[in-house]
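Peer 1: Quick one: structure below, then a few questions.
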Amino acid sequence: MRPLIVIGNWKMNGSLANNQDWVKTVARGMESGMPSGRKYAVCPPFPYLQQCADLIKGHSLAFLSLGAQDASAYGSGVYTGEVAAAMLKEFGCTCVIVGHSERRQMHQEVDEVIASKALQVLDNSMTPVICVGETADERNSGRAQEIVCSQVAKQVGVLQDRLVDCLIAYEPVWAIGTGKVASAQVAQDMHRAIRLQLAEFNEDVASHVGILYGGSVKPDNAVELFAMPDIDGGLVGGASLSPQDFLAICKA
């Protein structure tokens, strides 16, 4: 059975003071116990990784893991501004987001680069969270599943059997940061299409890979989303900045 996974993506938010309050509040909320068979992680900006690692350890937060928002496609070398997966591993990261739509749009990242990043993450014994999704224009033209399944197929072509150690996050671009959200059934339909695309390669891999939903997940829609058979949790953006909302989603 696939575990339900909730990952908070702070994007370019946070501060030393706010991070302390966030972890303290989440620790207090998790003390009363969490639903069994679930996993949780938070991905702060790079400069806060050490602080958050120390805070998580200091509060004995066994339920919460540390993740990162990106990693370089290269192992080391003359790549100014890049952060290697091996460096993230040293901070205690267990998962790394790759291919987020904001990276695809703002930094022109293509599927081949994203697959290279995923390989770097895997080679350093962490879990890549590979993001896929369609724009509003692509959905309105009836090409949503075609676009997303093409993105998945390109990852399959590079990662092959190693996909079993990855997570996929479906993030409809039109729903990110807009307050819009795909209905639970629309999200389920896409998650099912992704799993069928994976099954064309390997049915066992398809049955084991967790597929998260990442489009404006909030406390008031998390229960319905997480009840869907092919939705295995959420990649949570804006709502993860509120420790109360993050806790509510984790317990949904």
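Every residue, even glycine, has its Cβ placed from backbone N, Cα and C.
Among the features that Swiss-Prot reports, substrate binding site is placed at Asn9, Trp10, Lys11, Gly177, Ser216, Gly237, Gly238, with the record citing sequence analysis. Annotation source Swiss-Prot lists active site, electrophile at His100. Annotation comment: Swiss-Prot describes Glu171 as active site, proton acceptor.
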Peer 1: Checking the binding-site residues Asn9, Trp10, Lys11, Ser216, which are within 10 Å of Glu171 (active site, proton acceptor) at the Cα level?
Peer 2: Ser216
Peer 1: In this structure, which of the recorded positions Lys11, His100 has the fewest other Cβ atoms within 10 Å of its Cβ?
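Peer 2: Sparsest of the recorded positions Lys11, His100 by Cβ contacts within 10 Å: Lys11.
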Peer 1: Distance between Gly237 (substrate binding site) and the residue listed as 'active site, electrophile' at the Cα atoms, whole Å?
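Peer 2: The residue listed as 'active site, electrophile' has its Cα 11 Å from the Cα of Gly237 (substrate binding site).
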Peer 1: Including all protein chains displayed, how many Cβ atoms other than that of Trp10 (substrate binding site) lie within 10 Å of its Cβ?
Peer 2: 22
Peer 1: Under 8 Å between C-beta atoms and at least six apart in sequence, can you list the same-chain neighbours of Asn9 (substrate binding site), or say none if there are none?
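Peer 2: In sequence order, the residues whose Cβ lies under 8 Å from that of Asn9 (substrate binding site) (at least 6 apart) are Cys43, Gln69, Ile97, His100, Gly214, Leu235, Val236, Gly237, Ser240.
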Peer 1: Pick the one among the binding-site residues Gly237, Gly238 whose Cβ has the fewest other Cβ atoms within 10 Å in this structure.
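Peer 2: Candidates: the binding-site residues Gly237, Gly238. Fewest Cβ atoms within 10 Å: Gly238.
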